[in-house]
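So that you can see what the record holds, here are the features copied from TrEMBL:
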- His47: active site, proton acceptor (ACT_SITE)
- Lys20: substrate binding site (BINDING)
Amino acid sequence: GGTAMAAVRDVEIDPEGTFKYILVRLQHSGGEGSRDIVRGTKAAEFHNHIFEKVNPEMKKLGYECKCLGGGKIDHNSKDKKIRVFGLST
């Protein structure tokens with residue numbers, strides 16, 4: 001893999017609270033090799049808001065994005081607890 005892929009973090013979520021997340025598959029426009037990343041934030045009212053932010057960022061790096069799904073995360077970093085629930089299509 002190139003350095004661009006290394007620059008993309010696997011998971012970027014808010015440290016605290018309950019919020020929506022999506023699972024996104026990144027694929028090089030060239031084809032081979034893909035990887036999945038998770039993005040979640042309280043700033044997003046809807047799941048597609050997250051995708052609309054991630055997609056252009058990844059396009060700049062030469063990736064095509066496909067949203068595989070998502071749901072909600074309840075994240076308590078103080079107690080090191082994460083609860084994943086709900087389902088989005």
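Just so you know, glycine gets a Cβ as well, placed from its N, Cα and C.
From a predicted model like this one, the values you see are computed outputs, not experimental measurements.
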* Asked: What is the interatomic distance between the Cα atoms of Lys20 (substrate binding site) and His47 (active site, proton acceptor), given in whole Å?
  -> 6
* To do: Would you mind checking how many other C-beta atoms are within 10 angstroms of the C-beta on the residue listed as 'active site, proton acceptor'?
  => 21
* Asked: Near Lys20 (substrate binding site), how many other Cβ atoms are within 10 Å of its Cβ?
  -> 22
